[in-house]
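Taking it in order: structure first as structure tokens, then the write-up.
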Amino acid sequence: MFNDMPVFDYEDIQLIPNKCIINSRSEADTSVQLGKYSFKLPVIPANMQTIIDETIAEQLAKDGYFYIMHRFDEESRKPFIKRMHEQNLIASISVGVKEYEYDFVTSLKEDAPEFVTIDIAHGHANSVIKMIQHIKKELPETFVIAGNVGTPEAVRELENAGADATKVGIGPGKVCITKVKTGFGTGGWQLAALRWCAKAARKPIIADGGIRTHGDIAKSIRFGATMVMIGSLFAGHLESPGKLVEIDGETFKEYYGSASEYQKGEHKNVEGKKILLPTKGHLSDTLTEMKQDLQSSISYAGGNDLAALRRVDYVIVKNSIWNGDSI
């Protein structure tokens with residue numbers, strides 16, 4: 001079965017244009033529905049400590065974008081939910097699967113967040129299934145995202161356990177070294193893995209990792225994603241929480257993986273690394289550019305909303321679309 005499955009990644013695929021039916025690309029609707037809520041773009045800044053903090057989360061929510069707050073400042077999660085709700089903003093947090101997280105989830109019954117993401121590296125696990133069931137029992141109205149996974153079997157199991165969406169991607173990210181350290185993952189075939197998983201899914205899929213260009217967002221939607229989680233493209237902004245570093249007069253921002261020793265604070269089961277990214281402008285400018293590029297994608301797809309992207313044909317070009325250029 002596996003040998004018969006087409007294997008490709010983002011750089012191997014080109015989408016084939018259809019006749020344009022809109023007068024201006026600005027007419028294209030990039031909004032997406034997730035649960036009971038609509039958001040301006042089908043993108044999520046990765047729930048990593050060098051990508052998002054409470055200030056950025058608050059601004060994203062105010063501006064109509066989806067976000068997932070990371071789980072690495074555990075004590076601040078309840079006050080964060082309270083502060084968001086006081087402003088009539090959605091609260092979207094992350095949890096792990098350790099024993100104390102069960103009591104934490106139960107403690108949220110009086111002020112339940114709208115979204116909870118179970119965030120572990122290998123999401124096809126009994127511990128994740130157990131946590132999904134616990135959240136659904138304690139917080140029945142909360143939308144549960146579970147991950148990360150890389151197979152249809154995992155998607156079906158997590159959905160059957162009660163997950164409202166699954167996050168697909170094992171180690172394809174720019175600062176993830178799972179594929180090197182363990183030999184496992186979807187690195188190098190993330191887009192094919194997304195396609196494979198989406199065929200089995202009955203609920204939304206979130207593609208997570210391996211996004212290097214804005215065009216990859218359109219490709220993710222073509223192959224079954226409802227939303228796309230992105231790390232490196234959202235890192236390095238002026239507002240980004242990563243530490244600012246100056247080298248020879250140039251400024252950089254730190255960006256490191258959630259399973260790196262920099263995140264863990266110890267060199268144990270390390271599956272992430274740290275890199276320096278040249279500082280970019282403001283996050284709002286990147287979001288605007290993403291929207292404009294996605295509107296262009298929709299116009300090439302021959303429609304007026306994201307659904308048009310799901311119907312386009314494609315060709316597999318095996319790494320040739322860059323013609324020797326680097327990203």
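Every residue, even glycine, has its Cβ placed from backbone N, Cα and C.
Residues or ranges marked as active site, thioimidate intermediate in Swiss-Prot: CYS176. Secondary structure from DSSP puts CYS176 (active site, thioimidate intermediate) in a beta strand.
The NADP(+) binding site annotation in Swiss-Prot covers 205-228. According to its DSSP assignment, ASP208 (NADP(+) binding site) is in a strand. Sequence-distant contacts (6 or more apart, same chain, Cβ under 8 Å) of ASP208 (NADP(+) binding site) comprise ALA46, GLY147, ASN148, LYS167, VAL168, GLY169, GLY173, VAL228, MET229.
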**Request:** Pop the Cα-Cα gap between CYS176 (active site, thioimidate intermediate) and THR226 (NADP(+) binding site) into the table, whole Å please.
**Result:** 23
**Request:** Can you see whether DSSP assigns HIS214 (NADP(+) binding site) to helix, strand or coil?
**Result:** coil
